Amino acid sequence: FNSRAGGAMVPMIYYPDSTYYGVIAIGTPPQSFKVLFDTGSSDLWVPSVHCSSSQACNNHARFNNTASSTFQPSSETFSIQYVTGYMTGDVGYDTVTFGDLYVTHQIFGLSLMEDAFLDNLAWDGILGLAFPNQQSINGGTPVFDNIWKQGKIPQDLFSIYLTSSVDGSMLILGGTDSSYFTGNIQWIPISQPTGYWQIHVDSITINGNTVACAAGCQAVVDSGTTEILGPTRDINNINGWVGAYSEEGLVSCSNIKRMPEIIFNINGFGFPLPASTYVFPYGSSCTTGFGTWDNDQWILGEVFMRQFYTVFNREQNSVGLAQAKKSPESD
């Protein structure tokens, strides 16, 4: 019987205008990689040392399998299609380390061909934190499932705190930390086990008026997406209500103090986004953090998660939301 360990705190760096990443290591001795911790996908992949065709690989850290004594090859190959492009490669198994915590025989992808959208990103690879049935890489278990199965954490959950500073964001494996939020965590059941962290939103309101998601809607909490995405009609309506004067959601920066709070009503609770959280500098102007896509579903990305400390609870199949502290020290 393995006694469960205490979990791990994994710091994340914020690249403004880009995304968040943390550092993990793969192999023995460990080779370090910057990865996007993505609650919207389930695979771990990093560039392979054998990937030279792509500029994306040349710009990033690459895993050298022959330099790791614990690497085990697989005959599988993989390809992943993202919204912005695709990648393909080989599959292997090795030890993956986060600070003091490690898992053994972890399946991961070694990319051999990467699309141009990856060329200049701050991170080398992606570590997916969605459910096993969303895996594109066959023959193994996602990282978080292994962390739990191998007894490395006390609770079958993880939580994420995002800040708009370069430093200070945190992935907490196996627990929650009350220094990152105020008030209570409100628990929201996952809509159905789709493999995503998907919840039901009752409505989206401004000053008591329903402005979007009038009949209720489904939303995925996704740390790998920058904006809040929704159906074009709804997003255009929100942008209109907050005074945006173009399809791109452009607003006058001087209006921020007068712009309304947008409330996401979820499971009987209201989760407010003040204008300071959804308006961003854009060239000489400002823009809202609301984007459109051709889907009935919503994506609650980093714009939402910076305001609400988020707990991803596998044991209870629920998402927990609490008001994030602006900085962890301040009470």
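Backbone N, Cα and C atoms are what each Cβ position is placed from, and that goes for glycine too.
The structure displayed is predicted, hence computed values, not measured ones.
What TrEMBL records for this protein:
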type     : residues      : note
ACT_SITE : Asp38         : active site
ACT_SITE : Asp222        : active site
DISULFID : Cys51-Cys57   : disulfide bond
DISULFID : Cys213-Cys217 : disulfide bond
DISULFID : Cys253-Cys286 : disulfide bond
DOMAIN   : 20-322        : domain 'Peptidase A1'
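Features per TrEMBL, on structure.
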residue: Asp38; record: active site; Cβ within 10 Å: 22
residue: Cys51; record: disulfide bond; Cβ within 10 Å: 23
residue: Cys57; record: disulfide bond; Cβ within 10 Å: 25
residue: Cys213; record: disulfide bond; Cβ within 10 Å: 23
residue: Cys217; record: disulfide bond; Cβ within 10 Å: 19
residue: Asp222; record: active site; Cβ within 10 Å: 24
residue: Cys253; record: disulfide bond; Cβ within 10 Å: 14
residue: Cys286; record: disulfide bond; Cβ within 10 Å: 20
Candidates Cys51, Cys57, Asp222, Cys286 (recorded positions) - the one closest to Asp38 (active site) by CA: Asp222
Nearest of the disulfide-bonded residues (Cys217, Cys253, Cys286) to Cys51 (disulfide bond), judged by Cα-Cα distance: Cys286
Where Cys51 (disulfide bond) falls in three-state DSSP terms: coil
Alpha-carbon distance [Cys286 (disulfide bond); Cys217 (disulfide bond)] in Å: 28
Average pLDDT across the domain 'Peptidase A1' (20-322), rounded to a whole number: 94
